């Protein structure tokens, strides 16, 4: 087979956004219950076998229905105009091109990919070789001006995928290191990526030198290179405009661009805040920052952590809160690269407000966490509930504890007013997300609220007496 027309399935942008539920799935590739990676490398012409597509390991017809398998995609390309700087952004197009393929779902990026193949296309004869052919032809079609030859290797053999995963992570690290050095103050242009609007139509990903894409795949340098080779593509520059608030990371040009490309849904963004006008998310983010009102601090959980956080919610539930292209104060999707930024959540207090992380994530980000704070951030080994978290923070004298004292002093100063007969106990909230645990599918957001109550009781309707 040498062309898209020869494939047993349709390949078209109209399949973007297709979700394959577990009941419709034939097999799952990589994902949270297995492992995998994807990589795009620019190589010399003599390092590539033009047009070669190879599958190493079992193909779809050799897999058991309902099974989960390791999975890797390796695309190598050569061309006189190709430069190493474009690898990251061309790699991100693997996500887009895979989703062009009927019956194939691709989520996330890098070493967090999660793919599914539907029963329907399996019955049509779809194989992983066909996916490789589709990727090869789409790269040649979309980037024929800079790509002379392409080779695609797809792996499902467990040992080969493990080896490839280690290699890919070394490449990712090298790319990320290359991206450091610039800050938002040093440039006049930021970049916008709309690649994920097929899944989240109002999500606009703003990429600055201090804030890589949420998926972690595209830095400011990557975006600049992407626009150079594909000026009509989903990544393009915007004028950052006047800086309205340097701490919050609010820029006139960003607000204008986000409003235009979100169809007016989002009008204002603080690039460096979780609590006020947070950046929107699509669902491909590497981690979620979430506010814990009981301790006035933030937790961070990534998709590698399978357990529940102290607020009773796992990553999967919070990912639903933060995604979809909507602003959800108290929840924001982030990349590992942004956690390394000097501007990480600086409007909200930065690392001094972070109180909980999974142990593995905390160790991964050790180089980014200030030394004096590292041992003061709890993990699942220190706290699994809000009560345990509060005790831990008091014990280690975390900086947020000082905030509690300040809040208590403010409350004491207001006490005489509250003792007046005409007044009941008052809670004033500018904006506070409350995400209840216990599997209760409810979210309450209080905006600019003043509440007078001795007690608040929330019940599920199906549990109330119907007599």
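In case you wondered, yes, glycine gets a Cβ from its N, Cα and C as well.
A quick note: this is a predicted structure, and the numbers were derived from the prediction, not measured.
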Quick check on the annotations: Swiss-Prot lists region 'Disordered' for one of 403-428, 429-454. Which range is it?
403-428
Name, in the order they occur in the sequence, the residues of the same chain whose CB lies under 8 A from the CB of residue 196 ([Ni-Fe-S] cluster binding site) and which sit 6 or more residues away.
203, 205, 215, 282, 283, 284
Neighbour tally for residue 284 ([Ni-Fe-S] cluster binding site), based on other Cβ positions within 10 Å of its Cβ:
28
Which are the residues of the chain, 193, 196, 282, 284 excluded, whose CB is within 8 A of where the CB atoms of the [Ni-Fe-S] cluster site average out, their centroid?
195, 197, 199, 200, 203, 205, 213, 214, 215, 281, 283
Across all chains shown, how many C-beta atoms besides its own are within 10 angstroms of the C-beta of residue 193 ([Ni-Fe-S] cluster binding site)?
26
